[in-house]
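To start, the structure under review is shown below, and the notes come after it.
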């Protein structure tokens with residue numbers, strides 16, 4: 001529905017001895033339809049009302065004395081002053097460059113300027129100023145759940161249960177985001193009883209018509225912190241009161257987007273090589289340290305294996321991609337050969353090896369949690385218009401806390417090996433590729449979706465090779481004829497349906513990663 005209104009706009013044009021008064025009519029259209037959407041990208045700021053302005057000139061009725069002229073309106077400010085926000089540090093942060101400011105966990109800071117989404121200028125209570133990583137702080141509001149130790153924003157149901165079992169205390173609890181946007185779940189550890197084993201209960205925090213939060217309908221509160229405080233002192237509908245908040249805050253430092261703001265080049269003299277931990281498409285990978293206190297993975301790039309100049313330019317862009325489910329790129333060493341790529345270190349190594357080494361030990365909930373982690377990372381890449389091109393279990397890594405992160409996104413564009421680049425080459429990942437890739441070399445987020453379906457299959461077969469008895473040519477023929485991978489025996493039908501939806505012949509028939517994430521999360525919450 002379109003609402004139209006007519007407004008008279010009067011403007012005054014002054015000269016040295018007279019002014020002319022013009023009246024214009026402007027027709028304003030306001031869309032009241034909730035179904036209409038804005039375009040995703042704007043190439044320029046549009047003003048549709050501009051072309052609808054019509055001038056109605058009026059002649060001067062006489063001279064206006066200079067003393068009676070209306071003053072011109074003041075010029076608008078060149079910049080809108082950004083409101084300063086108070087934040088609280090979630091982690092300690094030691095300065096890495098002279099421009100950095102130290103952070104101490106739980107202390108408050110004032111944000112002065114946001115240089116980019118990942119690095120902000122802040123001031124501490126003593127007046128010291130400097131740059132800090134934005135993912136180390138959170139806005140200091142009583143309604144902001146991130147300031148509380150018991151809140152975990154980005155955690156799956158399985159990861160929550162793993163944390164609570166490690167704590168293994170009656171009443172140990174966390175609060176986490178639920179599968180429904182804007183809703184939350186309390187997960188509580190219940191000790192063993194005479195007739196029951198230890199268990200973990202999950203309680204949905206709901207909202208009533210008055211906007212109050214509750215678990216037990218008789219006890220509703222204006223905010224979630226108030227609700228948690230009440231249930232820390234009263235069970236009131238729960239199996240036990242909330243006794244021990246279980247948190248990660250401060251215990252596991254997240255990676256930062258680069259070692260500092262705009263720092264993409266790393267001095268090789270600042271790196272110490274500890275031991276070789278593997279090898280890949282481009283060369284040997286070492287465990288190392290940067291400036292003797294940050295563990296890193298150092299990839300030495302074999303000369304001639306990569307288009308180095310193109311990659312260096314791309315690395316500057318890749319460093320701006322920062323997400324808890326992506327392996328963080330810290331920078332590159334270009335001062336001498338070979339070129340080094342420095343990334344976040346993941347203690348449990350490659351996901352494919354992790355699955356094979358732990359065969360028979362991983363519960364189905366853990367396998368689904370792996371898929372959920374990867375889907376979260378891929379949804380972030382999709383949202384930012386970035387294509388992986390080689391998504392597979394071999395290109396995902398596992399942290400010390402069993403969080404899975406995506407590695408090597410976009411790297412295949414810089415490979416110079418024809419055996420890997422050509423779809424007819426022996427090293428080309430045909431078994432993870434959709435028809436439009438192996439036939440026309442056409443990549444998109446939807447080709448990544450196909451690969452994600454195959455990766456899910458790898459996870460639920462605990463590391464089997466897809467199409468293990470078929471050659472690349474046979475796989476191409478089978479896929480073209482409509483053949484798809486079978487359902488793994490560890491995968492319930494609900495999981496296989498998600499996998500299968502990724503393998504639609506046409507890209508437009510496949511779901512987005514945002515849709516896949518909702519589906520996987522829904523299954524995880526109902527198991």
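Every residue gets a Cβ built from N, Cα and C, even glycine.
Feature annotation from Swiss-Prot across 91, 115, 330 places phosphotyrosine at 91.
For the residues 148, 420, 486, Swiss-Prot attaches the annotation phosphotyrosine to 420, which does not rule out the feature elsewhere. Ranges compared are 38-43, 44-49, 68-73, 74-79, and Swiss-Prot records motif 'Nuclear localization signal' for 68-73. Residues 277, 278, 279, 280, 281, 282, 283, 284, 285, 299 are listed as the ATP binders, and the farthest two of them sit 14 Å apart at their Cα atoms. Most Cβ neighbours within 10 Å among the binding-site residues 279, 281: this distinction goes to 281. Residue pair residue 279 (ATP binding site) / residue 390 (active site, proton acceptor) shows a Cα separation of 17 Å. When Cβ atoms from all protein chains are considered, those within 10 Å of residue 283 (ATP binding site) total 18, not counting its own. Helix, strand and coil content of the domain 'SH3' (82-142), in residues and according to DSSP, is 3 helix, 28 strand, 30 coil. Distance noted between the C-alpha atoms of residue 91 (phosphotyrosine) and residue 281 (ATP binding site) is 35 Å. Of the candidate binding-site residues, 277, 281, 283, 285, the one lying closest to residue 390 (active site, proton acceptor) when CA atoms are compared is 281.
Within the same chain, residues at least 6 positions away in sequence whose Cβ sits under 8 Å from that of residue 285 (ATP binding site) are 276, 277, 278, 279, 297, 298, 299, 300.
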